[in-house]
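Annotated features, as they stand in Swiss-Prot:
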BINDING   A:GLY150, A:VAL151, A:SER152, A:ARG153, A:CYS154, A:GLY155, A:LYS156, A:THR157  ADP binding site
There are 2 protein chains.
Amino acid sequence: MSRKVFYISDGTAITAEVFGHAVLSQFPVEFEALTIPFVETTQKAEAVKAQINDCFITTGERPLVFHSIVKAEIRDIIYSSECIDYDFLNTFVAPLEDQLGVKAVPVTHRTHGKANHSYEARIDAINYAMENDDGQTLKHIDKADIVLLGVSRCGKTPSSLYLSMQFGIKAANYPFIEDDMDNLKLPEVLKKNKHKLFGLTIDPVRLHEIRQSRMENSRYSSLRQCRIEVKEVEMMYKRERIPFVNTTNHSVEEIATKILDVTGLERHMF
Amino acid sequence: MSRKVFYISDGTAITAEVFGHAVLSQFPVEFEALTIPFVETTQKAEAVKAQINDCFITTGERPLVFHSIVKAEIRDIIYSSECIDYDFLNTFVAPLEDQLGVKAVPVTHRTHGKANHSYEARIDAINYAMENDDGQTLKHIDKADIVLLGVSRCGKTPSSLYLSMQFGIKAANYPFIEDDMDNLKLPEVLKKNKHKLFGLTIDPVRLHEIRQSRMENSRYSSLRQCRIEVKEVEMMYKRERIPFVNTTNHSVEEIATKILDVTGLERHMF
């Protein structure tokens, strides 16, 4: 039976999820997680406590609780439940107070709220990625922080969106298609923005699988076509000295942070 | 002078950033953060150590370091630098080992890697959000987990993308436009999927500002038009008993988690 875990917060609970997931993924154990955000009243906290106690009675094991609750009276209700409590934020607050020589001023909703953030810039970046996806237009390339290149279905769109959403980076992307392959070269407007270009590539067998699930038994999805496109595009990256990354075994988080690492683009925090 | 902070990891460093940001945002202090991902070799670790020591010499203060490094020999090099070290993951590993009765098996890249995740489902959700944005098509509504409604520029697109990216939710979205306002009603295909509908609304003054920055002094961006649209749409939500949330003072994280909280849709972790 999998061990029960609660992620609880008076805000979005995203920090509790990210942190708890990072710690628990180090254990060869099955977990079953439930996230409860916006626990902002003592009434709601009592309901969560009842749920935790119920879980203990049903399973015979105290559930693990990762929480980031700012208000003491709400936190105390959760503490008083039949849980194993991991107060991962407050554990570090006291040592930081000593180090910084100031007291913490905890505020609910600050981590993932809108206050004190260049939130507009982030939304602009998301809209930019949407509007400049898949080579729809290269008109706004002067506003791009980066332009991702690659064949169809190599990961350009999710990577562009992640760069904008997580890091506030304006990422356009441009596809090379079948018709380009006979004489593959960079469009002039991309050549002029060469310092912004970053290539993606992918294992042809994996590409073939992805394309098959979208357009089965087409020329587009054939292994032969995938091999040709990947080979031509990689040769072009090398010829033009465009940095590139192979997306085959990497998540969007890894692809995006690798791109930032190689290019030196600044990561913004939201 | 702002206190220097390093987020260091042998992976993407996203967990270190999210955690460090959550803790430090509780302090009324200016921080200047630098993220260094993919510290996977002793050579790279030595370069980071030199950078930390240099920072100490230049500023006269030991920089704060939040790290999530799995390999002991890499970690030890960072430890030996002139930093104040917050080993936020390992602090919780020993208590969890006691509680779970098993030893941790740390693996680099597990948290934000592709392994053991329903990664395809997430990419499918992102592609779904892209292809079903802004009412482009309602053909695939049967595959939607949720359909966000609202006037132009109230936050539908960023919210849909965040739901797909962070939680693997298939979110379509549908706009109500100026021409709809005289006799606002739900299209038949949406009526048939009423259990999937979720409304967004926004303060008309804020909407006016956002639209002004895109299309200055147009009828579309006029405060009068913004007031009419918001009023009509909110009345419709109430008439049709569609749950809705006001996005004005909320981040995409807050909007997305609020939607999941109200609808009970399951949050997936990636």
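Every residue, even glycine, has its Cβ placed from backbone N, Cα and C.
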> Using an 8 Å cut-off from the Cβ centroid of A:GLY150, A:VAL151, A:SER152, A:ARG153, A:CYS154, A:GLY155, A:LYS156, A:THR157, can you name the remaining same-chain residues around the ADP site, in sequence order?
Replying inline: A:ASN173, A:PRO175, A:LEU200, A:ILE202, A:THR247
>> Considering only CB atoms and a limit under 8 Å, which binding-site residues from A:GLY150, A:VAL151, A:ARG153, A:CYS154, A:LYS156 lie near chain B?
In response: none
>> Quick check on the binding-site residues: of A:SER152, A:THR157, whose CB has the lowest count of neighbouring CB atoms inside 10 Å?
In response: A:SER152
> Which of the three DSSP-derived classes (helix, strand, coil) applies to A:LYS156 (ADP binding site)?
Replying inline: helix
> Around A:LYS156 (ADP binding site), how many other C-beta atoms are within 10 angstroms of its C-beta?
Replying inline: 27
>> So if I measure Cβ to Cβ from A:CYS154 (ADP binding site) and keep only same-chain residues at least 6 apart in sequence, which ones fall under 8 Å?
In response: A:LEU200, A:THR201, A:ILE202, A:LEU207, A:THR247
>> Within a 10 Å radius of its Cβ, which of these binding-site residues (A:GLY150, A:VAL151, A:ARG153, A:GLY155) has the fewest neighbouring Cβ atoms?
In response: A:ARG153
